[in-house]
Each structure stands twice: as structure tokens, then as C-alpha cells.
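> I have a structure here, written as C-alpha cells, and I will follow up with some questions on it.
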Amino acid sequence: MAILDQSHDFSDSKDKKHKRRFNRKSKQISPLPDEEPVQQEAGQLLRSCREPIACEISMADSNARSGYHLSRQSQKRRNYYTTYWSKEAVTAALERGDVFRALFRVNAHNRLEAYCKIEGVPIDILISGSDAQNRAVEGDIVVIEIDPLSLWTKMKGSSGASFNASVSNDCNSAGASINCKGKGDVDVDFHEERNTYHLENGSQESVALAGNGLVNGNISCSNEHHGEVNAVQKLCALTMAFPSKRPTGKVVAIIEKSRRRNGIVGFLDLKQWVSQRKDFSEKAEAIKLSSLFSSMKYIPFAPNDSKFPKLMVPMTSLPDCIKRRLEVGDAKVGTELVAAQIVNWGEEDNAPEAHVIRVFGCGGDAEPCISAILFQNAINSSEFSSETLSCLPSVNWVIPLEEYQSRRDIRNFCIFTIDPASTTDVDDALSINWLSSGICRVGVHIADASYFVLPETALDAEAEFRSTSVYLLRRKLPMLPSLLSENLGSLNPGVERLAFSIFWDINPTGEVLDRWIGRTIMQSCCKLSYEHAQDIIDGKFDVETSATSISGLPQMHGHFQWSNVVKSVKSLYAVSKILKENRYNDGALSLANPKLDFLFNEDGSPSNFVFQGSMESKSLVEEFMLLANRTAAEVISRAYPSTALLRRHPEPDLRKLREFEAFCCKHGLNLDTSSSGRLHLSLERIRQELKDDSVLFNIILSYATKSMQMATYFCSGNSEECENNWGHYALAVPLYTHFTSPLRRYPDIVVHRTMAAAVEAEAIYLKKRNNFNVDKTRRCLTGIYFDRDAVESHEAQKALSFAAAEHNLPCTEMLTGVAAHCNERKLAGRHVNDAIVKLYTWLLLRREKVLFSKARVVGLGPKFMSIYIQKLAIERRIYYDEVEGLTAEWLDATCTLVLSLSTSKRFQRRGSPAYCRPLEEAVLIVSPHKLMPAVDSSGENCNEVGIPQIEDRDGSTSVSHVQDVETAAFPLTLRILSTISVALHAVGGDDGPHDVGARLYVSSYCR
């Protein structure tokens, strides 16, 4: 890995971050200047890589940056884009309600389509074309001006005949589709949240920022004080009055540049410099490349993310390691993954100028790709600094005597953990005791990380900066040093540990009668895996005879026997089922999408994949973690109503939900979306109706997920947050937070501190009132009864203020910044997880060459189809327009497609307007007599995962046929939800982004 920029001082950048405590609330409005990105922001991004790099930057003649083409320096200078509004003009327009502030999102399938979500407006605003986008890129916070109604475009699929995407590609607009494009993210707020599944799709995210007013023309607002409200109301009224039209607009200013500008990953595009002739020798190719290098001033940069435009890199700014290779004509430079930083995009430049700041290595190798993924998402993969490690106790640390005196001692309780077998950071433990009259006392015990991570320390600043542990399938990047996260703070069995515990007294109907909250000292008696707990639930352990059919039992510690653990697990399972039933009766929603798990060879390469199965043992843990998080949210919002860190899940995107409802209705499936509970019941009913078609149900479930918005952290005292919007839609609760994973989530540490302050304030208040033996109803903060008068009394408020100062709780403004940062880091971690899964899928397909699978058509049109691939639970597109030897007949009246082989051949040069792609790019055709029978159980003709082998992409050699994947035949007639056979293969790697390519799998004697 090459080092390019030694000018960034990481330690200095980190020290600055420690001091300023991530204050991100301030956002200055200013036009985007022609200057390099802020050094601090670039430094923050580069911290994600262990080897910060870059080159000596020499700015080329700005007159040479007026076009994409290599000869663009000879073009006459002109302005390609309009000038941004001034800061004063933007501020005044926002106050009047003439413009909106919004997050700029780009359609991955068509970069010239971008969308902006305005709070309170049910339809995204279309920003179409490079002129209207005006140099904004993915993730920028922009100011947009809405076009007059006469310029609004027709809503795709507005006829209501089909279930169309919110962002359709113009080239396929005549088609039917069920592709709800939009990022669905039902926050799976439970114990194993690291396994949250996120469906990949190529579309805009429904992430809303506060709107700041409206439009020009007929619907502008003259009242400055009510401009925003009136503007939104008028825009909503117009969209309701003209439901077939989509609002359009244009970017007039950029308020805040996206951090992604500073780390765009891709390849230097050398293809247009090197002859494409197959008979061109390497020596001649090197000579040509070397001569071109000496004569050109710019080299194109092709981003892996299709949402970003092509960049132009000045030759003089290239790092020395790349310059030397180009000078000798090394064409393999084009296969190296690099990162570039946009430094300038002026009005006169139709492409942004960028500088290469990092070289990762070959794009076809796993490790360079992982490094690039981490860099692109600004994930800190470096070791912890000595300053951070100095905040930790020694490895021989023991619990101080004063902690035994101040905490509740529960070491004699039968407490155990249930986690994935590979878990090393053990956050939570469970216990249960039976009281009289069928009442049980359930305990959730969470690692007391806040005892070690003290506010305003280097350790705290580093934990806040990282915000979350990031999981890479085979390894993790921890939020906290391993000495704390895997040893001193982890609830490992057989050792005394500090914990934060919640006990509930629960009756046989699942009602919580009483609770106790406080800091404790505990000792886990054993560490169960999910599989162990599931075996106990399934009755594979006979308590009476101590006989067991469970293999590899973990070691027991303390005076407890296996019979104690078995009884406790079974009791907890029984209680969890009651809690789960009550939760769904109260309106909760479950959207459990399929998720891939990979198996690996000894060398770390993927060997196979399986879908994660549902386990009742996971559900057991989930129920009690949900209850603990709900309890914590209640307590901290009572005690500190303006500085509670909460988590909300907004209601679904209404338009997408309505489209989803219409699709289900069209196919005879009744869907009630009036509430989360009714939606859940509808989906469960559909599950039963489709019990013989699980694939269709998975498709329905994935589109239900896509209509959901993302769950986010927020500060309760933020004036922009309405209390009516605090609830969690999927969980159907008014208050929710994260409390149960402080070793891997920073928000949980903040909540622990707030909880500790509330417990301490309550103790101070009661002591002053001389209520040492107070009745449970007098516990005004932590009990189930909330005594508002007591909490609002002078004595209680004084105690709360004292405790807040003792625990150094952040103010509202600071906590708002922490919440925003944690949201951004959590989303980045999710993007990393998705990219890693995609990478390992690609590596597996590259090794196996082809994977055959059944697929369902979920989108159909005259130029491409969208398919849901069963074996991978992903969506892909197959384009069949302008394919040599293939005829596509689209029947618009019935939304039917007929594909057939054509007898005539057309020969065009690549790059010409009438260029046709080779047939092999869209269809894998095999001759029926070359299909070999399916392999036997010995696997003689199969690879490790049973994937049939193929030698050539054109299907000229024999292939092993798969019994459950039959070839199709021409003519091929397709409709929505038709089942087809596809051949999957790895795309890109050495010269482009990794992807899974899909082709129709057809047998024919004609070719």
C-alpha cells in the first residue's frame, strides 16, 4: 500500500477532536468556493487508514479543465454551470420560504437523476440533469429552488397500473415494476444488532433534513415568520392536487460539502489511452502509454460508486509511485484501487478536479478492497494511541473495595450469558428467580463500561469518535481497546465484574409489577452460545437424570450446576414468549429479511454461504434487551427531559407504502398499513397464504422493508424535535433508547451515565426526605410509578443537577451533536457490512465462475428487467436492449415481454451511436446436448458448494446442469413475478467496481 500524503498529522487532528467534543450542530451557509476541502475534514477521513499518504500537489493550468476529453485544454472556456447564490441571498430566501435546505441523493442507476427529501412533503423533489444539479454530489447539503408547476415532470407509473419505483430509470419508464427504490431500514434494535440485514438497492435514501421554506413563482410566501410552514403546506397542497406530477427543482447553493468528496474510491481510467486490439503486444502497449503520459495533462478517474461523476486528475498531481509506473508504460496502474479527493469544481469546469491521495493495491484482491471500503466510509482501523491506552487500568486490575460497599452484590445469583459462539465482547447477562404466586424476578445485567470510560478523557473521545464497533465477518474493529471490551469490562464467566442491572417482577400475564435499577457486582457462571440455549429449549438436556445430548458444553463456574442453568433458560424462554406475544398485541412489527453467512477456508477465502436461520434462543435474548432499552428510555427521559439520548423510528414513507399496498392488492393479497401492528398481522397472514411460495413472501418482505425509514438517535431537548415524533414505529413504543451494548456502541455509554445520574439523584433526594425505607411507590425516578410532583420539586431538581455535574452529562447542544455523529457512524458501519458481504460474494463467484439460480421478475420494461435472485436474496438488472442477436418485443397493454433470437446480425464499432452489446452479456446459451446430468452425491463434477463449473462465458463448453435450475427456451415470454433461470458471475475487480452480474440461462440448438 503506497503512502501519498505525509502532511496530515494524525495525533494533532485527534487532539483537536478531543478538545472540541464533536460539536457538529453549527452549519454555516456559504457558496462552494473553488478551493481545497477543509484540512480538518480531510484529516478526519484519512485517519481511517494506517498509512496516510499523498503527493506533492502541483495545480495545472485551470484553462485545461473545461471538459472530460483528453484534448479539452484546447476548448474555448465557457461557464458550464450557474453561479451559486451568495450567503446573504440564501439566508434571506430561507427565511422567506422561497427555497429549501435538503440532503442531495443520487440515483445509482442514473446519475443525472437526483432527489431531495423535504420534511413534511410526501414526494421527493427531482433534480434532473447536470445543469439543475449544479455541481452537487452525493451527500451534499444543498439549497434548492422549486420549479414552477408548469415545469414539473410526470410521475412515473402515475397511471396506477403497476407498482412502480419511486425512482425509475427513464429508459425503462414504460415498464411495470415492483421495485420500491428507497432505502428501507427497520432498525433491528436487539441484542445481536451487528447482524442487521440491509437490502441493497440502487436508489435514493429517504433521509430527511429540516426543510426551510419553499418556492418561487405562484406559490411563494410573503410572510417571513411563517414562510416555512406556509411553503410546505402549499407545496403539499399542490402535490395532492396534481398527484400525477413530480415536483422538480434546481440547486442554487451548497450549505455543507459531503465528507465523501474527500475519499472517493475508484480506478484511473487508462482504457481510452490503450489500444483495445487483442493483437496489440504488451511492448507496443507500454510504448503507447508512456508516450501518452508525457503529452497529456489530465487522466480520468472512474469512481466505483456510480452516484459520483467522473473526475479529472492533473498528471502533475499524481503520486510519484504512479508517475514512475506510467513513465515506463505500466498499464496495470489501471487495475489499482485508489482514492481521490475533489479539490475544485468551478463554474467553467464540466468535471471536478481531483487529486489521488491513496493507493490501496490490486482491485481484484480482498485486502486492498477491504482497506478501500474502510477508507471510503472513514472507519478508523488504526491501533489505539498510547494516550488512549493510558486511561485504562492495568491487566491485573481488581474491583476496588469501595465498589463492593456502594454496589449491590449479586454474585450468588445464577447469572449466565447467551451470545454467538465467536463473541469476545460480552455485553449482557441474564438471571431469573421465582417468587410467590407465579411471579418471577428477571434480571438483565449489562457491562458497566461507563465506569472505565470517563468523560473528557482521551479514551472517551476515541470511543465517541469511533462510535461503534465495525464487524468485517472475519474480524472486527472495536470501539474500545480489547483490554476493556474483551477482558476487564466483558462479562466473562468465572470472574467478578461490574454491571448495571435492571430487575423486573413479572406476573404470569407478562405485566411488570415492580423494578429495581442500579449498579451491581456479578459473576457469570457460564457462557452459553445461541446453539447451546437452543438445545436446552429443544429439550436435549434431561435435568432429572443429568443426561445430555449437547456436545461441547461450556465450563461451569461457582457453586451452580447444569440443572440450575437449564431450568433458568427454560423459565426465561417461557417468560420471553409471553412478552413477545404482548409486544405484538400492542402493535409491534417484525421484518426479518434473509441474511447470508459465509464459511471460510483456512486461507481466509470464502468457501460457501448459507442463510442464517431463525432461532428461538435469539428471540429469548432479544425480548429482555428490548425491555431493558425501553426501561432505560423511561428513566432518563423522566430525570433529564431535555438531555436524554433517545432513539426513534419514524413512520414509513407514505407513498412507498401505498404503492406496496397497491401491488399486494393487485395480486390478491390483502394488506392493511394503517398501523405497524396491522401491517404485522397482514404480513403474518400473507406468510400463511404463501407458505408454498416462500420466495414471493421474501420479496414482499423486502419491499415492506424498503418503505421503512431509518431509526436514528436524537436529543430530547432539541427544539427541532417534536415530542409526537419520539416514538419507535416498528416497536410500537413511545420511548426507546440503546442501553444494552456499551462495549460496542457509544450511545449506550452516554445512556449509562444518564441512568447512573438518575439513580444517584433519586438516592440523594430520598435521603434528604428521610425515606431510607421508602415504599416502592416513592421511587419517583427508577420505579414503575412516576411521581411528577416529586421530580419537579426543588429538592429533586437540585439533586438531579448535582448528579448531572458529578457524571458530567452533556448539555442539549452537545448531545445533539453526539447524536448526529453516532447516526452518521452507525450508517457508515452498515455500509461497510453491506460492502464486505458484496465483496465476499464476488470473491466466491470469481472462484466458481458461475452460479445458477432461480429468480423472480420484479420489474419489467422494454429495455431491462429487475430480478430477485433466490440464492443470494438480492436484486439485479438484466439489460436486453441493443443486444446483438436478441429481439425484445414489449407489449405495453399487458406489460409482457417476449425475448427471441434474431437471425440478422449487425456489426457496429464500440462507441458508435448504434453499438450493440454482445449476446453473451445478456444471455448464457447452452446447447441441450452439451448439458451434462447433475452430479451425484460424491460431488465428483462439483465444486465445494455444489456450483456447476463452466469454462467459457459464451457457453461453448459443457456445463454441469443443476436439477432445480432448468434452462429456459426461446421465445421467452415474461411477466411480473415470472420465474426464470439465471447464471450469475463476478463482474469488475481489476478494472471496475465489484458486482454480481446476471444473465438469462437458456438452452437452444440455434447457436
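Placement of Cβ uses the backbone N, Cα and C atoms for every residue, glycine included.
Annotation source TrEMBL lists Mg(2+) binding site at ASP419, ASP428. Per TrEMBL, compositional bias 'Basic and acidic residues' is recorded for 1-15. Here TrEMBL flags 16-27 as compositional bias 'Basic residues'. Positions annotated as domain 'RNB' by TrEMBL: 407-761. If you look up TrEMBL, you'll see 1-43 marked as region 'Disordered'. Per TrEMBL, site 'Important for catalytic activity' is recorded for ASP427.
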> Can you name the residues of this chain that are 6 or more positions from ASP419 (Mg(2+) binding site) yet have a C-beta less than 8 Å from its C-beta?
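When sequence neighbours closer than 6 are ignored, ASP419 (Mg(2+) binding site) has VAL426, LYS527, LEU528, SER529, TYR530 within Cβ distance under 8 Å.
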> Give the sequence-ordered list of residues that share a chain with ASP427 (site 'Important for catalytic activity'), lie 6 or more positions from it, and have CB atoms under 8 Å from its CB.
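Listed in sequence order: ILE446, ALA447, SER490, LEU491, THR740, SER741, PRO742, LEU743, ARG744.
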> Can you count the other CB atoms that lie within 10 A of the CB of ASP428 (Mg(2+) binding site)?
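Neighbour count, Cβ to Cβ under the 10 Å cut-off: 23.
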> Can you give the mean pLDDT for the domain 'RNB' (407-761), rounded to a whole number?
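When the pLDDT values over the domain 'RNB' (407-761) are averaged, the result is 93.
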